[in-house]
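For reference, the structure discussed in these notes is given below.
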Amino acid sequence: MAYLLSFGIVAALFLASISLYRYGNIPRQHILVTLSVLTAWCFSFLIVFTIPLDVTSTLYRQCVEEHRPTPAPNVTNTSSATVGPPPQCQEPWGMVPASVFPNLWRIIYWSSQFLTWLIMPLMQSYLKAGDFTVKGKLKSALIENAIYYGSYLFICGVLLIYIAVKGESLDWQKLKAIASSASNTWGLFLLILLLGYALVEVPRSLWNNAKPGFALQYAYFKAAKLSTEKAEAEEHVDDILESLQGLSRVIPNNHELRPCLETILRKVPIELQERASRNFARTGGSGMGATSSTILPSEKALVRIHKQVIKSLQTLQRTEALWSVQVQTVLHLEDVAKNIHSSDRRFKSEFPRQRTQLERICYSASLQWYWECLLKAPFLKTMCVLTATMSAMVVWSELTFFSRHPVLSIFANVIYVAKESYDFFTIEVFSMVVLCYFFYCTYSTILRIRFLNLYYLAPHHQTNEHSLIFSGMLLCRLTPPMCLNFLGLIHMDTHIIPNRIMETVYTQIMGHMDVIGIISNGFNIYFPMCMLAFCLATWFSLGSRALNALGFQQFLQNETIATELVQEGKDLIAREKRRRQRAEEAMARRRDFNRTDQVLGSDYLSKYRSGGPGGLTSSRTPADGLLRDGDGSFDYAAVASSSALGVPRSLSEEINDRFGVSTQVQVGFRDPDYEAETDGRIVGPPPRGLFDDV
């Protein structure tokens, strides 16, 4: 009967692996980063998939306890047979031995806490450190985390003083409860923010995406903003590299700091180095980022600029990749707008991509037209209605789940009705659906979070290691409070609704939906009110309006700035389309020229290679081969620069050429124009080790 648990473990591992493959670049990132993020994501998904099994197991144990026959006081039972479960209680599908869930939750809890509070923060700080030795990087990572955790220790000290003043005794169990309450408090308040935004934004985004005109206008707006961010990232990189060029001229080759400078220069792409050298020569070292000082810098100065180089190059690479993705999105939406009124009902693309035979059979042009132009909009609107209904149920249950008599929570009433008939299958399915919606709302908001343009999960293998580690930390810290909130909504947290049901194994190990005692008074009032306030603020777009008033452009209809940015996005996309058209025309001309050259020179080349009777002599001169009259199988154009010949490059090649070979990074980026025959390409060798800078 444990096949559901096995299926949940496999599904969690599969989803974590697929997500890591989509967002990360597994062949390029370090193996420790891959394993840590995979473990964090897998445990977070596993908690969501396993909670329904724990709920049904708890309800089954309660059923057995309620229907257990009471033995008569004067009757001695001499039978040695084991008493089976009552006939009213049927084992749920996911029933496992009693020792499985306690051991599973302990493994998940302590592994997640160890990863999210110790290992992953140290790894993140190590990756951002600009030192040039292992000892220096570890020292910087420890100092940064000591400052971070020092604030937590200060808060804990204040709480301990508060408890001591009240005259309460402290032991290990109470300290553990305080730590669990503090963690739950942090997670619950962050959950309020994420759910309050997502419960409104998820249905609204589905409805807006069902309107092709609105989606296209918003895509133009995002393209204009990404273009601005890309230009700012390029300017920031140029300023830092000009300063680096000045240091390169100041530090002599035989100086002890020269190897440190060479370590920084090896991370800078060749193209960017050459451009920085030209800018430095043109401005004479008087640019914004340049320095004209002849004083030798200290090692701390090099560490600081090394850290700036790492951060600026990551930002530039991410903006380049996101710009390419956004261009493909806009081009696709334009194709949809042009094909809506097509008479032959076949989807035609302005820039068609080469598709495999299987794609042409399973997803033909006619089928694509029916989906993109006829069925997709009604499907998205239907999903909008369903998610809006689910959001309304969640908000109502959040507002009323503290009510014991009468029970007003919708989710709690559904569980009670199914429990009365011992319909464990309905309980499992309903719990899974609700948790998956919580999961989608919370995690989709995390995937769109941007902190100072540093942490951002970009698809198509464009997410750096810092952002992957940060997302793993955030998921490990948010998943337990999210599941505790769900157990509170269905009235299965005994600290909220006592003496009603048995306690789940999850709450026994992970703790309860408790908060710090100082703020626990009135928590059942301000927690739902905060959730409702965030939902209303998102519904009326108060956050977007406030950011727009502060100068951060947001997509608001009937706003002059938004209209100007939409028009700017149209112009940028039109320029990009002209560039692609010129590249395609140049490639077609080169293809025709090569074909004509091969036809006209085939006879001459065959005689030239034969060297036999009637042919050319086999003697060679130094001038032979200058006009490509050698072996036709060797294509010089294949090794030439594709940009110089006007050949359109893939997005991966554009980014790799932009960042150069010196970065030792080949971006495995797959855009919608990715061809099937490129599947056999090797992304590149894995990194040399964790300490490449040493």
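Cβ coordinates come from backbone N, Cα and C, glycine included.
What Swiss-Prot annotates here:
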- 222-249: coiled coil (COILED)
- 564-592: coiled coil (COILED)
- Asn74: N-linked glycosylation site (CARBOHYD)
- Asn77: N-linked glycosylation site (CARBOHYD)
- 673-694: region 'Disordered' (REGION)
- 27-30: topological domain 'Cytoplasmic' (TOPO_DOM)
- 52-106: topological domain 'Extracellular' (TOPO_DOM)
- 128-144: topological domain 'Cytoplasmic' (TOPO_DOM)
- 166-181: topological domain 'Extracellular' (TOPO_DOM)
- 203-381: topological domain 'Cytoplasmic' (TOPO_DOM)
- 403-426: topological domain 'Extracellular' (TOPO_DOM)
- 448-467: topological domain 'Cytoplasmic' (TOPO_DOM)
- 489-514: topological domain 'Extracellular' (TOPO_DOM)
- 536-694: topological domain 'Cytoplasmic' (TOPO_DOM)
- 4-26: transmembrane segment (TRANSMEM)
- 31-51: transmembrane segment (TRANSMEM)
- 107-127: transmembrane segment (TRANSMEM)
- 145-165: transmembrane segment (TRANSMEM)
- 182-202: transmembrane segment (TRANSMEM)
- 382-402: transmembrane segment (TRANSMEM)
- 427-447: transmembrane segment (TRANSMEM)
- 468-488: transmembrane segment (TRANSMEM)
- 515-535: transmembrane segment (TRANSMEM)
Self-check item: Residue counts (helix, strand, coil, in that order) that DSSP gives for the topological domain 'Cytoplasmic' (27-30)
Solution: 0 helix, 0 strand, 4 coil
Quiz item: Would you list the DSSP helix, strand and coil counts for the residues of the topological domain 'Extracellular' (403-426)?
Solution: 14 helix, 0 strand, 10 coil
Exercise. Output the single range from 4-26, 107-127, 382-402, 468-488 maximising the number of Cβ pairs under 8 Å to the transmembrane segment (145-165).
Key: 107-127
Quiz item: Tally of helix, strand and coil residues over the topological domain 'Cytoplasmic' (128-144) according to DSSP?
Solution: 12 helix, 0 strand, 5 coil
